[in-house]
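What follows is a set of notes on a single structure, which appears directly below.
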Amino acid sequence: GNIIGSGIFISPKGVLEHSGSVGLALVVWVIGGGIAVLGSLCYAELGVAIPKSGGDYSYVTEIFGGLAGFLLLWSAVLIMYPTSLAVIALTFSNYVLQPVFPNCIPPYNASRVLSTVCLLLLTWVNSSSVRWATRIQDIFTAGKLLALALIITMGFIQIFKGNYEELTPSNAFDFWMSPSVGQLALAFLQGSFAFSGWNFLNYVTEELVDPRRQNLPRAIFISIPLVTFVYTFTNIAYFTAMSPQELLSSNAVAVTFGEKLLGYFSWVMPVSVALSTFGGINGYLFTSSRLCFSGAREGHLPSLLAMIHVKHCTPIPALLVCCLTTIIIMLVGDTYTLINYVSFINYLCYGVTIIGLIVLRWKKPKIFRPIKVNLLVPVTYLLFWAFLLIFSFYSEPVVCGIGLIIILTGVPVFFLGVYWRNKPKCVNRLAESMTYWGQKLCFVVHPQEGAPEEDDLPFTHSQLPRSEKSLKK
């Protein structure tokens, strides 16, 4: 449910553009799923060896210390979540506006305004009620399932009718350009955006029933091959109705597919994808605000972000920060450049976490590991990871370089904001003043024991600080 989202409606164009042929594009999708399986197995071992919810953030902090954990949190708050949100919001606006502008790309200003309105609306919903946010997620999840089921079914019908010229080996591997190694790395980056979310199960390891035995690997071996099947056959379906040139010229692939095959009912496709992406924006806002909340509660972000609304029990300051950073990123980049940004940083963080698995084997060889993967699994993943990052950096040095610079800006922030304890009184007074006015404007307080009902909270009472020192802080 977390993996399948807007990516499959965005990434096919980027994968095909950098692959240079239909056949190689399909190979990229299959290998992308295999790499996600390898990464998931490594995360499964980490999840049972370090049984803490929080995923990458918890493992990196435990293995490499506070600075590394803070940099991962910093990159997630500043780049990964806001950029993913920006991509999904732009996809939503493109699919909504495509029927209005059938013969051209929707205007820049129109797509940005609609994306911003959508973000502001869902930020308000998430600020007003946790229940409203979860109900929206439940309802709009059906949109993506309807769209993908419809695409794959129509694709099989086309194949049975004999409309698969683009999929025959002679045509599928007819390259209109010779892809370089760097272009191939960018194709994998575009595809990896659609697979992002394979590590989300590790964010709730503490709540998973019996992860130490079979549930965690079972979830991996069922879900990721299933997602890979869905993604591959969705792309096969696209090529039964469109030539590669038509797919590359389309700004909304599923809409073009619907117009070619569904006739009068072609409106179903943009509506379904719009519903899917709308739910995706809601889901990312919900989870990214909780990441800010958790980071602030650990003392790695300003304490204001760990506060919740007095009545609605929602983390309004964290939601506002996520919304603002998303709007800023959305205004400075196009969809496919943003995908390269977020995929590069995602893979960087995945690799550091899996390096942590090898370091943990060396530092704590006798720790109890109910799941222990063969060392070839992390090594194979890291070889692919190194290939992807090195050649992506070679092909897109500006995009990848800016991403690295943004991550490294977290180093002085960590030492000034977290590590430096004895700050001058004027700095403390300024921080207290900002927190005070933030509380007044957002009507928020630090969560306390026994305040709201458990079901209304974005966390459980067991997650609250217990010590007097923590409560005082």
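Cβ from N, Cα, C; glycine included.
Unlike curated entries, TrEMBL annotations are predicted automatically.
Feature annotation from TrEMBL assigns region 'Disordered' to 451-473. Residues annotated as transmembrane segment in TrEMBL: 22-43, 64-90, 110-127, 139-160, 180-198, 219-241, 261-287, 308-332, 338-361, 373-395, 401-420.
The listed stretches are 110-127, 139-160, 338-361; of these, 338-361 has the most Cβ pairs under 8 Å to the transmembrane segment (180-198). Among the recorded stretches 110-127, 261-287, 338-361, 373-395, the one sharing the largest number of Cβ pairs closer than 8 Å with the transmembrane segment (139-160) is 261-287. Between the transmembrane segment (64-90) and the transmembrane segment (22-43), the number of CB pairs under 8 angstroms, six or more residues apart, is fewer than three, so the stretches are not in contact. Here the transmembrane segment (401-420) sits apart from the transmembrane segment (22-43); fewer than 3 CB pairs are under 8 Å, leaving out pairs fewer than 6 apart in sequence. Count of Cβ pairs under 8 Å against the transmembrane segment (22-43): among 110-127, 219-241, 261-287, 338-361, the largest is for 219-241. Below 8 A, the CB atoms of the transmembrane segment (261-287) and the transmembrane segment (110-127) form 3+ pairs separated by six or more positions in the chain. With a cut-off of 8 Å between Cβ atoms, the residues of this chain six or more beyond the transmembrane segment (338-361) that come close are 10-11, 14, 39, 42-43, 45-46, 49-50, 56, 59-60, 63-64, 68, 72, 75-76, 79-80, 83-84, 86-87, 90, 186, 189-190, 192-193, 196, 199, 329, 367, 375, 378, 381-382, 385-386, 388-389, 392-393, 396, 399-400, 402-403, 407.
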